[in-house]
């Protein structure tokens, strides 16, 4: 019995020494050039075009053979995808979609997915704090690749979503040499809206930083996405507050019925739209969506910002022109509800004339555009005020390319409620000319009524306008 006990003790000591030995070897493998990489918790999976879903091969800082084992392409660019906060502790469905789109656009590239799921699954404030550690991990990985393999950070493009955008920014601020580009996909707002630049994404974090803001609804600091500009170019699709196809009414109803337990699902639509807009730019390179620089979304809604002079317009997404101004450029555009998201923007200007002073508020209209390729009919718009002898400018957009404009129709829609005054007499204005500017082509056209002036009456038939025959008018508009 005593000999058996001694044998068991000896066996236990031997097993413990074996485990310690193996752990020591594993630790030794991750000490390279005197640098200890064992504190890195984030994982770096090099996904392949054949398998965009699974993390089958990991690049391990400090383990040089891991890079060869994963068939890293040293002569091509590298995309590093950093996910955001998660409730489930698992990757969301957009990750493989973005990986696949990146490989489709850049087949020879490396697409690395950063796994920080264990840290991202904590309560939001805790996960937000972890972005600093994740950023440090990513920066250490990039610097290690630069030192060990002479892989230039200028070949690296970081793409971060939500909290991942700030982790990308912190990584960019910590690398010894700047990375080429960081794309922030609706960077998280809470805990970051008022944070100093070193703790969040900022223009100094890469040679070029572009940002998409898609869910900034709410007061500053409480909106899901950050409201203030944090890049060289900040684009606010549909004003950045809420995206078409995302039902705000349904979201409010579900929160009222179920509480905030399903808030992760509710915010996904507009928050994640930033990712799908970028994916769209990768897959539909022939027709990039165009955004326009503007001081405010209110001015953009009036159609006052459809200029492309002096870098005032830019492509959304992958093919963006890398304009580095001293101040962040805030840009706006409209989109469709589904991919492809591109629309065609128009500024419309018209003067309402009359002999008697008359003012109406919140008036609904419809405009139809007819072009050489297609037409877009009954586009609704509302003017907050319509007054005699005043000129109004507003923005409309079409979901199809109608080609060169040939003709338009304008209708003043009657009120949905019954009005005795409208029953006896319908208000109206004279409109002589309508000026239209196409944002995508930058062409301007002036339309005239078939008579000298067209009388537009509320609730009556549409009025037709055709291209003015006076060449001097259209020459001035060019």
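Counting starts with 1 at the first residue shown.
Cβ atoms are placed via backbone N, Cα and C, with glycine included.
Feature annotation from Swiss-Prot assigns Ca(2+) binding site to 197, 200, 202, 205. Counting every protein chain shown, the Cβ of residue 200 (Ca(2+) binding site) has 26 other Cβ atoms within 10 Å. In the three-state DSSP assignment, the secondary structure recorded for residue 200 (Ca(2+) binding site) is coil.
If you look up Swiss-Prot, you'll see 57-70 (among others) marked as disulfide bond. Listed in sequence order, 46, 57, 58, 59 are the same-chain residues six or more apart from residue 70 (disulfide bond) with CB atoms under 8 A from its CB. DSSP classifies residue 70 (disulfide bond) as coil under the three-state reduction.
DSSP gives residue 269 (disulfide bond) a helix state. The disulfide bond annotation in Swiss-Prot covers 246-269 (among others).
Here residue 294 (disulfide bond) comes close to 300, 304, 305, 330, 331, 332: these same-chain residues lie at least six apart in sequence, with C-beta atoms under 8 angstroms from its C-beta. In the three-state DSSP reading, residue 294 (disulfide bond) counts as coil. As annotated by Swiss-Prot, disulfide bond applies to 294-313 (among others), with the evidence given as sequence analysis.
Residues annotated as disulfide bond in Swiss-Prot, with sequence analysis given as evidence: 305-308 (among others). Residue 308 (disulfide bond): 15 other CB atoms within 10 A of its CB, across all protein chains. DSSP gives residue 308 (disulfide bond) a coil state; it is part of no helix or strand.
Under the heading disulfide bond, Swiss-Prot lists 448-468 (among others).
Shown in sequence order, 108, 109, 110 are the residues of the chain, 6+ apart in sequence, with a C-beta less than 8 angstroms from the C-beta of residue 73 (N-linked glycosylation site). Per Swiss-Prot, N-linked glycosylation site is recorded for 73 (among others).
Around the Cβ of residue 389 (N-linked glycosylation site), 13 further Cβ atoms fall within 10 Å across all displayed protein chains. If you look up Swiss-Prot, you'll see 389 (among others) marked as N-linked glycosylation site.
The region 'Important for interaction with lipoprotein particles' annotation in Swiss-Prot covers 420-424.
Summarising the annotation, Swiss-Prot assigns signal peptide to 1-27.
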By Cβ count within 10 Å, point out the most packed of the disulfide-bonded residues listed: 246, 269, 305, 313, 448.
305
Between residue 313 (disulfide bond) and residue 197 (Ca(2+) binding site), what is the CA-CA distance rounded to a whole number of Å?
26
How long is the line from the C-alpha of residue 468 (disulfide bond) to the C-alpha of residue 389 (N-linked glycosylation site), rounded to the nearest angstrom?
21
Compute the C-alpha separation of residue 200 (Ca(2+) binding site) from residue 269 (disulfide bond), stating it in Å without decimals.
23
Around the Ca(2+) site recorded as 197, 200, 202, 205, what other same-chain residues have a C-beta within 8 angstroms of the site's C-beta center?
166, 169, 170, 173, 198, 199, 201, 203, 204, 230
